[in-house]
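Copied over from Swiss-Prot:
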type	residues	note
BINDING	ARG96, ARG106, ARG134, ASP223	substrate binding site
BINDING	ASP223, ASP247, ASP251	Mg(2+) binding site
BINDING	GLY281, SER282, ALA283, PRO284, ASP285, ILE286, ALA287, GLY288, GLN289, GLY290, ILE291, ALA292, ASN293	NAD(+) binding site
SITE	TYR141	site 'Important for catalysis'
SITE	LYS191	site 'Important for catalysis'
Amino acid sequence: MSRKILVLPGDGIGPEITREAVKILNACREAGLEASIEEGLVGGAGIDAHGVPLPDETLASAKAADAVLLGAVGGPQWDKIEDLSKRPEKGLLGLRKNLNLFGNLRPALLYPQLASASSLKPEIVAGLDIMIVRELTGGIYFGQPRGIEERDGERVGYNTYIYAEHEIERIGRVAFEMARERGGKLCSVDKANVLEATILWREVMERLAPEYPDVALSHMYVDNAAMQLVRAPKQFDVIVTGNMFGDILSDAAAMLTGSIGMLPSASLNEQRQGMYEPCHGSAPDIAGQGIANPLATILSVAMMLRYSLEAPQLAERIERAVGTVLDQGLRTADIAFEGTAPVSTQAMGDAVLAAFQAQ
């Protein structure tokens with residue numbers, strides 16, 4: 001069965017890094033992957049061409065696709081747009097909402113070749129391999145009511161932190177399944193000593209636990225989890241948490257690895273349709289210079305093959321190819337050591353392609 005892949009380069013460095021990832025996708029097709037590749041506009045590119053960050057044709061193509069590969073959205077040229085619903089980032093949020101992408105997978109994996117690039121001592125982070133499972137469509141980012149209004153002569157801003165049982169249960173199942181496939185440890189992060197919504201979160205996680213007797217469930221308050229990620233990160237295997245806490249913790253975990261330019265992500269719905277993107281942003285300050293790191297986007301393709309396209313062997317080939325290139329000493333500027341000459345975006349992509357094809 002032929003699969004459909006939609007590529008959305010987006011803004012900033014997005015077109016440069018997705019170009020390298022598409023090379024790898026085409027190599028996968030040559031290796032037997034039955035898939036068609038289509039390209040579309042999103043974010044600032046959508047605004048410039050159609051006046052909206054998520055054009056109708058892009059959304060229609062995304063709904064028809066098995067997987068979406070996104071580069072990055074946003075840039076200073078669109079920061080003056082006063083209507084927040086017309087900002088580039090709303091294109092990303094619109095895709096998440098319309099595709100019902102409730103589960104976000106953010107690996108924090110330290111490649112041994114890059115251990116010295118971490119901000120922590122090598123002995124603390126060596127062998128680090130964490131998967132953060134973040135609920136993506138509920139919580140305080142989407143809760144109603146919300147707004148800014150006048151009360152008693154002053155402006156008041158308010159938001160609603162809300163989770164329904166079914167939202168917690170479905171992300172919980174994703175996390176338990178992930179822990180079962182990995183090291184068998186799941187840490188649920190909440191703030192159940194203060195927030196009723198996360199008291200319910202903890203109750204639902206506890207209720208699911210007997211269905212997964214091979215997974216050891218623990219709980220941690222989010223403030224302690226942030227501290228433990230820096231103090232002793234290797235205690236974690238899989239972390240599951242809500243939208244806001246996951247947003248913060250996954251970025252903190254990302255920097256344990258030395259470069260956010262190495263880290264992919266996946267956002268899935270219940271049918272395993274997914275959107276795959278690097279964890280980094282559009283980096284407008286280096287856009288067009290050919291120096292961006294494409295590895296996070298290439299590794300996002302590996303996640304796509306594993307979780308949406310049922311091609312885990314090809315995913316492993318990509319991951320091995322990235323390891324080979326790092327073994328060869330090739331580094332883009334963000335992961336280059338002092339005294340080493342960084343390679344270009346294209347050179348890094350070509351090297352991964354060669355290592356992939358050599359297997």
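Quick reminder: no glycine exception, Cβ is built from N, Cα and C everywhere.
In terms of Cα distance, the recorded positions that sit within 10 Å of LYS191 (site 'Important for catalysis') are ASP223, chosen from ARG96, ARG134, TYR141, ASP223, GLN289.
Closest in space to ASN293 (NAD(+) binding site), of the binding-site residues given as ARG106, ARG134, ASP223, is ARG106, taking the CA atom of each residue.
Every protein chain considered, the tally of other Cβ atoms within 10 Å of the Cβ of ASN293 (NAD(+) binding site) stands at 28. ASP247 (Mg(2+) binding site) falls within a helix when secondary structure is assigned with DSSP. Most Cβ neighbours within 10 Å among the recorded positions ARG96, ARG106, ARG134, LYS191: this distinction goes to ARG134.
Overall, the recorded NAD(+)-binding residues GLY281, SER282, ALA283, PRO284, ASP285, ILE286, ALA287, GLY288, GLN289, GLY290, ILE291, ALA292, ASN293 cover a maximum inter-Cα distance of 16 Å. Taking the Cβ of ALA283 (NAD(+) binding site) as reference, residues of its chain lying under 8 Å away and at least six apart in sequence are, in sequence order, GLY12, ILE13, ALA72, ALA292. With respect to their backbone Cα atoms, ASP223 (substrate binding site) and ASP247 (Mg(2+) binding site) stand 14 Å from each other.
Maximum intra-site Cα distance, substrate binding residues ARG96, ARG106, ARG134, ASP223: 27 Å.
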